[in-house]
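Read the structure below first, then the notes.
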Ligand code: GLN
């Protein structure tokens, strides 16, 4: 299949930016707000935003179970920032009732870089992308505190107080980054995901 259809979860967050980069990489995109829309996609991107809000809206719109079923059925997914939180099986520093979709056997800490640190930027070498390190933009970002052996660590922070923290992971066809590649003009993360979806569809 030459042009896979990639859904972008469009409940809240930077949906437009993701769609633009995915389309640049040759994918068709659809905004996913309803279970029917989820059925049409070969892959799904979960954008950054506010994970508590996205989870509540997904629950209210009857999307949470369909999302879990789709991921459980092997739908490729890529989550950035809040999207990583939504894909995590376990959360730290989250409200006790915060739900996730799950799919990644990791423990993710929300706002991990410190509440006072609104955003920062750093170079992160991401395995599998080729080329130089990614210029990673972190905005009230989570990190992966713990990952199961079945999870491949694709990237870690290097240097500074968060040195060594895991910020990019993959488990099967589920990929997540703490940072926001859609904001930097670096299209490699999206290309990587579009290729992954293309191989599966
Ligand atoms: N701190 C946000 C949350 O917990 C994530 C921030 C982001 O997606 N830029 O949902």
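In case you wondered, yes, glycine gets a Cβ from its N, Cα and C as well.
Remember, predicted model here, so these are calculated numbers, not experimental data.
In sequence order, 12, 13, 82 constitute the residues six or more apart from residue 50 (L-glutamine binding site) in its chain with CB-CB distances below 8 Å. Marked as L-glutamine binding site by TrEMBL: 49, 50, 51, 110, 139, 140.
Residue 81 (active site, nucleophile) counts 28 other C-beta atoms within 10 Å of its own C-beta, drawing on all protein chains shown. Here TrEMBL flags 81 as active site, nucleophile.
In the three-state DSSP assignment, the secondary structure recorded for residue 180 (active site, charge relay system) is coil. Look at TrEMBL and you will find 180 (among others) tagged as active site, charge relay system.
Annotated active site, charge relay system per TrEMBL: 182 (among others), in sequence order. In this view, residue 182 (active site, charge relay system) is surrounded by 26 other Cβ atoms within 10 Å of its Cβ, with every protein chain counted.
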Listed in sequence order, residues not in 49, 50, 51, 110, 139, 140 with Cβ within 8 Å of the centre of the L-glutamine site Cβ atoms: 48, 81, 82, 85, 111, 141, 142
Proximal residue to residue 180 (active site, charge relay system) among binding-site residues 49, 51, 110, 139, 140 (C-alpha distance): 139
Structural state of residue 140 (L-glutamine binding site), classified by DSSP into three states: coil
